[in-house]
Amino acid sequence: MVSSSTPEQDRPLNIVGRITAYFVNSQVTLLIIVALVIFGLAAALFTPKEENPQITVPGADIYFHYPGAPAEVVEETVTVPIEAKIRELPGIDDIYSTSQTGQARITAQFFVGEDWENSLFRLQNHLFNSQDELPQGVNYQVNPLIVDDVPIVTLTITGENYSDNQLRRVGERLLRELRQIPDTGNLTISGGQPRVMRVDLNPEQLAAFQLSPAAIAQQIQAANIQVQAGDVSVGNRRIFIEGGNLLETADELKAVVVGQGENGSPIYLEDVATVSDGYDDRVTYSRLLNRKDWDVTAPYPDPSLQPEEDFEERPAITIGIAKKKGTNAVVVAQQIFDRVDELRDEIPNDITIAVSRNAGRTAARAVGDLYSSLFQAIAIVVILLIAFLGWRDALIVALAIPLTLAGTLLVGWIAGQTINRITLFALILSLGILVDDAIAVTENIHRRFEEMPDQSFSQKVRTATLAVAELGVPILLSTITVILAFIPMAFVTGMMGPYMGPIPFNVPVAMIISTSLAVIVTPYLAVRVIKVKGRSTDNNESNDGQASEEVPNRIYTFYRRIMEPLLDSATRRRFLIFFVVGLLLASFALPLTQAVKFRMLPKADEERFLVQVDAPLGTELVETDRIVREMETVLKEDSEVIQFESYVGTAAPIDFNGLLRGNTHRSGEHLADIRVHLTNDDARSVSSEDIVFRLRPQLTEIAQENNAIVKLIEDPPGPPVRSTMLAEIYGPDYERQRELSKQVADVFRNTAEVVDVDDSVKNQIPQMKLEVDRAKANQAGLSTQEIAETINMAIRGVDASTLQVPGELTPVQIQVRFAEANRQSIDDLRRIQMPTPEGNLVPLTELVTFTSTTVDQPIFHRNQVPVTYVFGEMNARSSVYAVMEQMIHFFRNPLPEGYSIKWEGEWQLTLEVFRDLGLAMLVAVILIYIILVGQFRSFKIPLIMLGAIPLALIGILVGFSLNGVYFSATGMIGVIALAGIVVRNAIVLLEFVGDRRKEGIELKEAVIEAGAVRFRPILLTSVTTMLGTLTILSDPVWSGLAWTLLTGMLTSSALTLFIIPLMYYGDQRSSRKQEQTPVNEKQLVADN
């Protein structure tokens, strides 16, 4: 790579030299340095920060209501035609649907990265145009699934002397104020019941006055109306006319006339119903439990505090606040907390506002921890540079690091990137690479200065320019090599693409900037910082601030002692190469024997997890709450649990994982969620995964005792899946599919480490059908609609109208239905009397037939095909091997002919990610090979250079085997990174051989000298990369990347310095056209 001959002062400059010549003594260079520092700091401060890159997955839940239709009718008349219409839309990835009695839900999911606004507009428009294909009476509602609607902050409002219904009103007022913060997005509230004006009908009084429930609702609507009637002219002015009255109070509602007595006297609403200002019937419970003395109100609680063992419980409601797209989570979260503090005086003192989610804190901690790791890595690299290069050269190289990082952050800011964990991992990953150009340039300039000491400043400028110019080709080539290694990663498909997106963006940008700085800033600093006194005849004497020459001489002696016997003996050469090939083949056998195991990503050490409880369908709210309270007892006994919120009958506030798992529709008296918060990860010795492992058996035991299903769901470290283990069963007969689902679920339960097993087949729910006898109804002068509406109003009730109550933020619904005591049993329905137009009363039992049956089972589709599901989670085992074990089982015990299983979940994600990363690496290798062939005009020499990649694989596979660490997706990213680094080392090594041979040095001596001279730079690049990754070795998710770089760099660097030169030497020796006199290497390669 570097020539030892003295450059002639009149040598023409290449493009790299001309760039250096312009900047090496220009004030513009100083401006570039200052600008990078200033704008880089601005980028670090103002670029939006988040924990992980945001993944855009446009989608929507479409709810269809078809009252009274059986599940199969809903499927055939609503689900099937609408699925076909949605499939016509470009950009649709998956369609999921559930058809059940009276309703259907279709989830349309677009491809990752599609523009969500355009996608949802096209979906809405398509549905609107498809309405004619729906049966009469079907209506629908579209709920967009937008990542930006996931709350970044949730506030849980509690008070010992308040019910959750009362707390909800406080929360509604608080939400109104928080909406005024400019950067807040969607706001939600969960828990408590809304305020309603209850009209509890007395069926006996209705019968006595011969009034129907429907007539009562109509009279309330008629008495509560106000219209804008227009305007009239009075003189020269227009007077606006408003007619009618609006009800405002319960007393006004009681006084509404609903009929006339026999003597013409008015019948008031209070004569036939009890009117009360209250709340809707309870369908949810929500509460907060936390250890005493734990400051639940602090956005950033002190992790060193030790709360008491006892828990305190209070009713609670939770409000969720999302941020607008592109805003800074840390800043928006702080704005929310500041506003809440300002409103404290308006909230009663005995009400507590607890911070139950703070994505701003999570993002700030994640980014802050990685900034710390980055600074530690920089410090390690700088210390290493000083040890190897001396403080003057080290200072020049070290200054390139913050300038490169500043420039990279600046470009990211301009490009609309965010600063997140993956961004900073990318910078840590590139740290060892980006100093290589600066090291090479600084060393070459230093060597040229030593050859011509005591130069004037203008001479030093020219010498530095020539020193950079002669490195131009290898620097550009090696930089392009690294860039080509990373760019194909940008084309990874699915959710993993945008998740890893910061890596193929930031690493190439960092490489381009570091190379530019090596050409522009490094020589500018070198001519001003490097001081030389000429080469000393005493090897122990060193220049001021420079590394001793004794080290390179020792390296040369050491390297020659090893290489010379190998170069002189073809037998020894072949033996060593065959031995290394044997090691490579043996290492490839390690995955086959499961000595090296694969998984998608390890679990991160989080501070929270979710417990989902599914009691049998039809379970009453009180019973579900009892089960949850048993589980709460177990949670309170765990010393690492400090707080949890229980939501019975409804879902916990949604997060990104829940959004993609389909948790947005979780509601019903048989369902519950418990959001569990753990002590700070810095304050405990066990991981969140281990805590989940030890809690799962106890919670599962409680669930099994109550015929319930419990799932402990941890936040995934990467893109979420619908379920870690997921089997889809397909076949010609849906009832048989359901039966097979139960069999597959049993196989799940018998597979090691598969837990939380569930399936899509629901338990049978009793149903009472009231079928109208049309002939008898017609004889009584009643319609089927009137009878059905009466039954509906008796049980479910209707919202007849609204009250405009002064001081309320929203209108209060007027809810009309039978009093609770008159709608508790089937016998209550049998006692209903229906008034006829003739003034008679007919018992409901004479008009309808009561038939006992069961609710239809739901029918599931995926991509228009009927499917049943089996779900499961994993304990301490990779889902890859659990699925492989089950595949073997079903290979030996196949399903009936025509039925099949498709494995989804983490298995499918793992296959797709490793496939895409493998293809990305293959494309990178091909591109690198093409570039090298063009540069060296040879097909064989580039193959020798690419041989550095399998050398790295030896260390990687052996290292993972010895450490017992799973090889994950981050490990695969490390392999791709290594491909660029190790080939870069091989390029500069063989380029140096070519330079030496052009100067007339014999092949053997050129190989030895090249290896000796490049020994220290290659070793320095390797060690800086390895030590830089030590700072992320403790991260559970990214430790795979660290292990890959550590083990791969260790073996590849050592083997590259010996095996690659030996392969090159052997190739050149065996060439039939090998000349005895030195020739231009590139011509020699072309002749081969």
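Start at 1 and count along the chain as shown; that gives each residue its number.
Every residue gets a Cβ built from N, Cα and C, even glycine.
TrEMBL labels come from automatic prediction, so no person has curated them.
The feature transmembrane segment is assigned by TrEMBL to 21-46 (among others).
For 370-389 (among others), the entry in TrEMBL reads transmembrane segment.
TrEMBL lists 396-416 (among others) with the feature transmembrane segment.
Look at TrEMBL and you will find 463-487 (among others) tagged as transmembrane segment. Within the same chain, residues 1-3, 7, 9, 11, 13-17, 20-21, 24, 433, 436-437, 440-441, 444-445, 447-449, 452, 455, 503-504, 507-508, 511-512, 514-515, 518-519, 522-523, 526-527, 921, 924, 927-928, 931-932, 935, 976-977, 979-981, 983-984, 987-988, 991 sit at least 6 positions outside the transmembrane segment (463-487) and bring their C-beta atoms closer than 8 Å to a C-beta of that stretch.
Non-local neighbours of the transmembrane segment (507-527) in the same chain are 16, 19-20, 23-26, 29-30, 32-33, 395-397, 399-400, 403-405, 407-408, 411-412, 426-427, 429-430, 433-435, 437-438, 440-442, 445-446, 457, 460-461, 464-465, 467-468, 472, 475-476, 479, 482-483, 486-487, 977; each lies 6+ residues outside the stretch with a CB under 8 Å from one of its CB atoms. The annotation transmembrane segment is assigned in TrEMBL to 507-527 (among others).
Outside the transmembrane segment (575-593), and at least 6 residues removed from its termini, the chain residues within Cβ reach (under 8 Å) are 566, 950-951, 953-954, 957-958, 960-961, 967, 1055, 1058-1059, 1062-1063, 1066. Summarising the annotation, TrEMBL assigns transmembrane segment to 575-593 (among others).
Long-range contacts of the transmembrane segment (917-936) within its own chain (CB-CB distance under 8 A, at least 6 residues past either end) are made by residues 473, 477, 480-481, 484-489, 491-492, 942-943, 945-946, 949, 969, 972-973, 975-976, 979-980, 983, 987, 1082, 1085. Look at TrEMBL and you will find 917-936 (among others) tagged as transmembrane segment.
Same-chain residues lying 6 or more positions outside the transmembrane segment (943-966) and placing a CB less than 8 Å from one of its CB atoms are 580, 583-584, 587-588, 590-591, 595-599, 602, 878, 925, 928-929, 932, 974-975, 978-979, 982-983, 985-987, 990, 1039-1040, 1043-1044, 1046-1052, 1055-1056, 1059-1060, 1063-1064, 1067. Annotation source TrEMBL lists transmembrane segment at 943-966 (among others).
Outside the transmembrane segment (972-994), and at least 6 residues removed from its termini, the chain residues within Cβ reach (under 8 Å) are 1-2, 429, 432-433, 436, 440, 473-474, 477-478, 481-486, 489, 500, 503, 507, 913-914, 917-918, 920-921, 924-925, 928, 932, 941, 944-949, 951-953, 956, 1006-1007, 1009-1011, 1013-1014, 1017-1018, 1021-1022, 1025, 1040-1045, 1048-1049, 1052-1053, 1056-1057, 1060-1061, 1064, 1080-1082. Sequence annotations record features per position, and here TrEMBL assigns transmembrane segment to 972-994 (among others).
The annotation transmembrane segment is assigned in TrEMBL to 1015-1034 (among others).
According to TrEMBL, the transmembrane segment annotation covers 1040-1065 (among others). Sequence-distant contacts of the transmembrane segment (1040-1065) (same chain, at least 6 residues past either end, Cβ-Cβ under 8 Å): 425, 429, 432, 559, 562-563, 566-567, 573, 576-577, 580, 602, 941, 944-945, 947-949, 951-956, 958-960, 963, 965-975, 977-978, 981-982, 985-986, 989-990, 993, 1003-1004, 1007, 1010-1011, 1014-1015, 1018-1019, 1021-1022, 1025-1026, 1029-1030, 1032-1033.
Only sequence-distant pairs (6 or more apart) were considered; of these, at least three Cβ pairs between the transmembrane segment (396-416) and the transmembrane segment (370-389) are under 8 A, so the stretches are in contact. Long-range Cβ contacts of the transmembrane segment (21-46) within its own chain (Cβ-Cβ under 8 Å, at least 6 residues beyond either end) map to 13, 328, 402-403, 405-407, 409-410, 412-413, 419, 461, 464-465, 519-521, 523-524, 527. Among residues of the same chain six or more beyond the transmembrane segment (1015-1034), those with a C-beta under 8 A of the stretch's C-beta atoms are 370, 373-374, 376-377, 380-381, 384-385, 388-389, 425, 428-429, 431-433, 435-436, 439-440, 443, 551-552, 555, 559, 981, 985, 988-989, 1041-1043, 1045-1046, 1049-1050, 1052-1053, 1056-1057.
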